[in-house]
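Contents: one structure, followed by commentary.
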Amino acid sequence: MIVSRLTYRALTSHLCTGRGGPKIEMTRPSSDLAEFRKVFAKAQHIAILTGAGVSAGSGVPTFRGAGGYWRKWQSQDLATPSAFSRSPSLVWEFYHYRRELMLTKNPNPAHIAIAECEARLAKQGRSVVVITQNIDELHRRAGSKHVLEIHGSLFKTRCTICGNIATNHKSPICPALEGKGAPDPKAEDARIPVEDLPRCEEEGCNGLLRPHVVWFGETLDSDILTAVEQELDMCDLCLVVGTSSIVYPAAMFAPQVAARGVPVAEFNMEDTPATLRFRFHFDGPCGSTLPPALERHETETV
């Protein structure tokens with residue numbers, strides 16, 4: 001299956017009021033937490049789908065929507081193959097800034113609640129998988145072990161010549177980027193020569209590296225998607241945490257699970273195009289709503 005990272009306004013327009021795309025007018029009240037906890041206590045395999053909202057409590061900017069700019073650009077302007085082809089220096093400045101910024105951020109209570117839940121349930125023979133659209137690695141830093149990153153990671157690179165994928169937490173990632181990437185709209189582009197940008201360290205290669213993230217218009221990794229499909233087919237409870245449910249194909253995951261009768265619980269700051277399809281909805285910051293939902297249930301013996 002080949003799918004691109006796209007916003008699926010047309011696919012969700014029938015779920016929305018008005019003509020301007022997926023702006024949701026209805027407000028669904030929060031569900032009964034005690035009822036959710038009964039379902040949670042019985043679940044054997046929990047799939048947790050996360051988006052930018054789960055990292056909002058850590059102060060991670062999205063660079064999308066109103067005010068979400070780096071210099072004069074939003075992520076959709078720079079996170080594309082054509083942007084990298086036109087100006088690899090500018091794109092690397094953007095990602096260097098994001099990498100350095102993430103080194104100053106920490107997992108918040110939502111990340112920690114998910115990681116602690118996974119560790120605790122594993123001792124009971126139950127399982128938790130995190131399927132995330134985020135590229136910040138905060139789930140891993142919180143301690144989550146079973147993580148599928150469908151859009152890649154800020155801290156991985158891929159060679160444009162040999163294709164080698166490598167983990168890279170260097171700060172800065174290369175000497176030429178040190179001190180670069182200021183988000184100020186008045187900041188001048190560094191215009192770093194391409195030979196001084198991050199280069200492949202595989203023997204005999206030295207090719208230009210790019211961030212190992214899925215850019216807009218690119219296809220998602222088929223192996224990751226296959227793994228996601230397998231996890232969703234197995235789950236008997238699905239949580240949707242901090243995602244707007246408008247980016248395809250991730251936006252279709254939870255509705256497909258709900259369509260086969262599996263309980264889905266949404267934890268979000270606002271209603272989404274898929275809210276009414278789900279059994280549970282909890283309104284508010286994930287860092288506040290998720291910990292009490294995932295804490296040890298009275299029936300747990302381990």
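Glycine residues also receive a Cβ, built from the backbone N, Cα and C atoms like all the rest.
For His151, the entry in TrEMBL reads active site, proton acceptor. According to TrEMBL, the feature NAD(+) binding site maps to 51-70, 133-136, 242-244, 268-270, Cys286. Sequence annotations record features per position, and here TrEMBL assigns substrate binding site to Tyr95, Arg98. Marked as Zn(2+) binding site by TrEMBL: Cys159, Cys162, Cys200, Cys205. The domain 'Deacetylase sirtuin-type' feature in TrEMBL is assigned to 26-300.
Where TrEMBL records a feature, it is marked here on the structure.
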residue: Gly51; record: NAD(+) binding site; contacts (Cβ under 8 Å, 6+ apart): Thr132, Gln133, Asn134, Val241, Gly242, Thr243, Ser244, Val247, Ala250
residue: Phe63; record: NAD(+) binding site; contacts (Cβ under 8 Å, 6+ apart): Tyr69, Trp70, Trp73, Gln74, Ser75
residue: Tyr95; record: substrate binding site; contacts (Cβ under 8 Å, 6+ apart): Leu154, Pro211, Val213
residue: Arg98; record: substrate binding site; contacts (Cβ under 8 Å, 6+ apart): Leu154
residue: Cys200; record: Zn(2+) binding site; contacts (Cβ under 8 Å, 6+ apart): Cys159, Ile161, Cys162, Asn164, Asn206, Gly207, Leu208, Leu209
residue: Cys205; record: Zn(2+) binding site; contacts (Cβ under 8 Å, 6+ apart): Cys159, Ile161, Cys162, Asn164
residue: Met269; record: NAD(+) binding site; contacts (Cβ under 8 Å, 6+ apart): Gly53, Ala56, Gly242, Asp283, Gly284, Pro285
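The two recorded residues the residue listed as 'active site, proton acceptor' and Gly59 (NAD(+) binding site) have their Cα atoms spaced 20 Å from each other. Comparing the binding-site residues Cys159, Cys162 on other C-beta atoms within 10 angstroms of each C-beta gives the minimum for Cys162. Same-chain residues at least 6 positions away in sequence with a Cβ under 8 Å from that of Ser55 (NAD(+) binding site) are, in sequence order, Lys105, Asn108, His111, Asn134, Asp136, Leu138, Gly242. Taking Cβ-Cβ distances under 8 Å and a sequence gap of 6 or more within the same chain, the neighbours of Gly59 (NAD(+) binding site) are Lys105. Each of the binding-site residues Gly67, Gly242 was scored by the number of other CB atoms within 10 Å of its CB, and the largest score is that of Gly242. Surrounding the centroid of the Cβ atoms of Cys159, Cys162, Cys200, Cys205, where the record places Zn(2+), the chain contributes additional residues within 8 Å, namely Thr160, Ile161, Gly163, Asn164, Glu201, Glu202, Asn206, Gly207, Leu209. There are 20 other CB atoms within 10 A of the CB of Gln133 (NAD(+) binding site), with all protein chains counted.
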